[in-house]
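Engineer: Take a look at the following structure, please.
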């Protein structure tokens with residue numbers, strides 16, 4: 001009896017910051033593995049999300065948003081991670097936002113033109129476009145920019161047409177053995193996912209007040225006798241004022257962040273979690289490549 005053919009390939013999700021790449025990845029996978037926030041530049045590592053359906057396995061690379069400014073070491077590294085993701089994939093999903101077109105979009109497009117992989121153009125947030133009459137000319141403009149494999153208007157938030165993207169992806173996966181067991185959804189460790197969950201809550205509850213100079217280090221991640229996990233998270237900020245902001249009045253802010261992060265961790269790890277958080281000032285970490293290496297920002301470049 002002949003063996004069933006299997007199909008497997010890597011797909012990069014690219015675009016300028018804050019167009020909805022992480023939301024799209026989470027929808028394609030059916031659960032949350034990439035942090036989402038209304039702030040630009042929330043994805044700092046290339047998260048690999050794995051979706052296996054029967055004989056098809058799609059491995060998604062969620063890049064940081066490519067962007068023009070490269071002043072700080074962390075932004076240079078994020079751009080490098082995004083650019084290197086484009087080079088070694090079977091397919092690219094280029095995410096843009098509604099009828100907006102910016103120099104950053106243009107820069108991403110230029111990088112894609114240099115590549116060999118076919119590109120699906122996903123026009124996100126079309127449900128937010130007020131004047132629908134603007135949409136058709138904009139679609140025609142985008143279609144003339146490059147020979148796209150397909151152009152799909154989507155809403156990553158509501159899931160509109162995300163199944164269309166998934167179907168196109170499946171159709172273009174090469175015949176290959178599956179790289180991961182079928183129950184895997186990410187190759188990232190639980191420790192890494194714990195730090196991402198804490199960072200998402202920081203973004204969510206501190207919003208515009210908090211600059212990007214914040215990161216999370218998991219100092220302890222152990223199983224306990226109750227069948228759950230004891231996790232200690234260290235939140236690193238650059239200035240004393242930021243530390244006070246994270247802690248909040250009488251510790252209220254960090255308590256909320258801890259409670260919400262613990263809930264998400266318990267959902268993800270399917271086990272009880274005991275979480276403790278500390279805040280520490282480590283000035284200049286976002287400018288120091290050595291510090292970034294020690295925090296794991298360049299282990300995947």
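Each Cβ is built from the backbone N, Cα and C atoms, and glycine gets one as well.
Per Swiss-Prot, the features are:
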- 15-22, 62-66, 124-127: GTP binding site (BINDING)
- 7-175: domain 'Era-type G' (DOMAIN)
- 206-283: domain 'KH type-2' (DOMAIN)
- 15-22: region 'G1' (REGION)
- 41-45: region 'G2' (REGION)
- 62-65: region 'G3' (REGION)
- 124-127: region 'G4' (REGION)
Engineer: As a quick check of your reading of DSSP, tell me how many residues in the domain 'KH type-2' (206-283) are helical, how many are strand and how many are coil.
Structural biologist: 33 helix, 28 strand, 17 coil
Engineer: Do you know the mean pLDDT across the domain 'KH type-2' (206-283)?
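Structural biologist: Computed over the domain 'KH type-2' (206-283), the mean pLDDT is 85 on the 0 to 100 scale.
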Engineer: Neighbour count, 10 Å Cβ-Cβ cut-off, for residue 18 (GTP binding site): what number do you get?
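Structural biologist: Residue 18 (GTP binding site) is surrounded by 19 other Cβ atoms within 10 Å.
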Engineer: Under 8 Å between C-beta atoms and at least six apart in sequence, can you list the same-chain neighbours of residue 126 (GTP binding site), or say none if there are none?
Structural biologist: 98, 135, 153, 154, 155, 160
